[in-house]
Amino acid sequence: MTPSARTQAAIELLDQIIAAARESGAAADTLIARYFATRRYAGSKDRRAVRELVYAAIRKAGDRPENGRAAMLLVADADPALAATFDGSTHAPAPIGKDEPRARAGVAPQWLTKALRASGLDGAALTDLAGRATLDLRVNTLIADRPAVLAALPEAEATPHAPDGIRLPTGTNVEALPLFNEGALEVQDEGSQIVGLAMQAKPGQRIVDLCAGAGGKTLALAAMMANTGTVLACDTDRNRLSRLAPRATRAGAAIIETQLLNPTREIEALSEWAGRADGVLVDAPCSGTGTWRRNPEARWRLTPDRVSRLQSTQQQVLSVAATLVKPGGALVYIVCSLLDAEGTDQVTWFLGAHPGWTIAPLSLPAGAVHGHGVRLEPGRDGTDGFFVARLISPC
Ligand SMILES: C[S@@+](CC[C@H](N)C(=O)[O-])C[C@H]1O[C@@H](n2cnc3c(N)ncnc32)[C@H](O)[C@@H]1O
């Protein structure tokens, strides 16, 4: 493909991504994969170059742009070589017209930027939210240890904070690594590894992972517990939860049970666990403002109404969790969001609605105290953004 044809392909893809963001359609990565599946003439270098252009435009445009051309023009304004590809030749975008509209540059839509500022993020802390993510993995200590893995993978380095984390060059085909196929490695952002430590899970305990999804944190809990005790992994999403069993088998995690939940009838389904869990992890559904490094177009999908619906779900899940924790046991609340409305404000709500519960201080390898918990920030900590708090049930 010529440079101009690559620019045109990026514009077409951006049109699809913008439409999908407007209509709750497929994620950018899925659309990019589909686009190239039907364009066999594009080689791997072309795909990489087009992908780079698409993501440069997504990261730069704070609001959902009108169209792909307006988004790409925003990038071209700071890149003369890219601007020169708008030359009107075959397969190229039309020449840039006088006063053509550009997408608005920014971190996020204005309402969201305001809410993030009110949550204590400003300057680089704000702009780094949509920066580039690292490729982090957790060494599964049921099968291997970090020094052995680092010795076997010369291209890997230890993550700066998480004790079992390694970092690989971006773009590494993880699934082709023998250590991955042997179950010694799990792809997991360093931030996700760190907030999981807040559960302080110990061998022999009974832990509920109430929003387990496909089990990223469940597997880490089983490893922390050295495969003794029980981890009950629950979720309301059958598809996500069904991905956990094969992952657990590969990881040699034998203490995991799963339970699919009906969103209005969790307490009934979990009656055997009422007041009996040593700990309950609530990795709650959230707006994902901390994960824009991986899904920058998520900024274009979020609305105030969606945040407020998520807040209701978070409160509902927290209330279910509170019924499961034994006296003196712990509830760990995590969101991969930096909005206080989903983080520390929800803990304030919980304490008001559940008298007798207290906050336990957290000592984690990264992050800083924020409100009732600890916050990890992409800019400061080099991880995805998270809020985590540890609450103790009355005895
Ligand atoms: C942030 S994700 C969990 C990610 C997972 N813990 C991990 O580490 O990979 C939140 C999960 O909460 C689930 N969820 C949503 N509503 C729920 C509810 N009422 N009860 C339990 N899980 C729920 C979603 O299906 C989603 O999988």
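Here the Cβ of each residue, glycine as well, is placed from N, Cα and C on the backbone.
Quick look at what TrEMBL annotates:
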- 102-394: domain 'SAM-dependent MTase RsmB/NOP-type' (DOMAIN)
- D235, D283: S-adenosyl-L-methionine binding site (BINDING)
- C336: active site, nucleophile (ACT_SITE)
Euclidean distance between Cα atoms of the residue listed as 'active site, nucleophile' and D235 (S-adenosyl-L-methionine binding site), Å:
17
Quick one: pull the CA-CA distance for D283 (S-adenosyl-L-methionine binding site) versus the residue listed as 'active site, nucleophile', whole Å only.
8
If one looks at the chain holding C336 (active site, nucleophile), which residues at least 6 apart in sequence have a CB under 8 angstroms from its CB?
G191, S192, C286, G288, T289, G290, T291, D384, G385, F386
Number of Cβ atoms other than its own within 10 Å, given for D283 (S-adenosyl-L-methionine binding site):
26
Going by DSSP, give the three-state secondary structure for D283 (S-adenosyl-L-methionine binding site).
strand
Provide the number of Cβ atoms within 10 Å of the Cβ of D235 (S-adenosyl-L-methionine binding site), excluding the reference atom itself.
24
